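For reference, TrEMBL has these:
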- 1-125: domain 'Cytochrome c assembly protein' (DOMAIN)
- 145-372: domain 'Cytochrome c-type biogenesis protein CcmF C-terminal' (DOMAIN)
- 6-27: transmembrane segment (TRANSMEM)
- 39-59: transmembrane segment (TRANSMEM)
- 79-96: transmembrane segment (TRANSMEM)
- 103-123: transmembrane segment (TRANSMEM)
- 143-161: transmembrane segment (TRANSMEM)
- 182-204: transmembrane segment (TRANSMEM)
- 224-243: transmembrane segment (TRANSMEM)
- 255-273: transmembrane segment (TRANSMEM)
- 279-300: transmembrane segment (TRANSMEM)
- 321-343: transmembrane segment (TRANSMEM)
Amino acid sequence: MHPPLLYMGYVGFSVAFAFSIAALLGGRLDSAWARWTRPWTLAAWAFLTVGIVLGSAWAYYELGWGGWWFWDPVENASFMPWLAGTALIHSLSVTEKRGSFKAWTVLLAISAFSLCLLGTFLVRSGVLVSVHSFASDPARGMFILAFLVVVIGGSLLLYAVKGSKVRSRVSNDLWSRESFLLGNNVLLIAAMLVVLLGTLLPLVHKQLGLGSISIGEPFFNTMFTALMAPFALMLGIGPLVRWRRDEPGKLRKHLLVAVVVTLVLSLLLPWVMQDRVEAMTVVGLLMAIWVFVLALMEVYQRATHRHGFWDGLRKIPASHWGMVSAHLGLAVTVVGIAFSQSYSVERDVRMKSGDSIDIHQYHFVFREVRGHHRP
């Protein structure tokens, strides 16, 4: 089920790419362009998200690999355009509302589709070793590679020549929502480059005759932890900040409340985790609590801005609830990742009928093997 959803996401980003090429050729990019491009980008991102989630669940429950993510090249192939697409969605909102980030938005649209083509090449050409098994065809791989070179080379050349015609002339204040969105965009692209480096470096290293190397989970986990901590910090603050410019004093007041609530809730961590307190879990829970608290504060502030709380709550548009749900979903995901990384135990043991093993407080007994005949 998940491969068709992934490819629907790939195809969806081709529309944003086409809009970007049209804007470069025409030398015109305005709020209407962003408004037309955004639904296609959201649809492509949604398909890609569902495809990645279903693929992760399939790997965990059906294949019994004992995990939900392995930083495998095939998994990374779909994760890279997802990161670029996430940055593109937020950049489009700034272009639509403020007329800023025009050239940056075009570059993100080109990058998202180019990464989709790169992912297709990596999966179908067989150039990278993966635990996923796909039918590889070298001839088809060469065709995809040639198409990839033409698309990336041609679009970047066009961007270099025409990009200045769509560049924004709007300046952004440091204490504005645009600045926080730009900061998160930079962190998302940095994360994408980390995945790209970790995926392609073993291939390049081998092709240069330097031998085989392996870049695995420790590298990705370390780099992502370093990038996601500031990302979560700005993710919580961004929606609270006004467009154009906000008052630093007022913002500091909201942030002080959020810091106090986060610290108070963090005092419950030793009780929740009992005697096993892991650094990764503490960091993950603090990031999740921070995002969750600030999301609730932003909803309350928006609901009570011009109306009573309940009336204002009903007047919040569905698109805003979608944004809040996505941010809260990310917070829940961070908690799951933190607990999974810190408390999961994996052992390879040989057992025969009657053998037993103790893992932490659990006692496992291998009683017997039963055969089942199915039609």
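Any Cβ shown, glycine's included, is placed from N, Cα and C.
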Integer average pLDDT (0 to 100) for the domain 'Cytochrome c-type biogenesis protein CcmF C-terminal' (145-372): 83
Stretch of maximal Cβ-Cβ contact with the transmembrane segment (103-123) [cut-off: under 8 Å; candidates 39-59, 143-161, 279-300, 321-343]: 143-161
Stretch in 6-27, 143-161, 224-243, 279-300 most in contact with the transmembrane segment (255-273), if contact is a CB pair under 8 A: 279-300
Stretch in 39-59, 224-243, 279-300 most in contact with the transmembrane segment (182-204), if contact is a CB pair under 8 A: 224-243
Interface present between the transmembrane segment (279-300) and the transmembrane segment (224-243) (three or more C-beta pairs under 8 A): yes
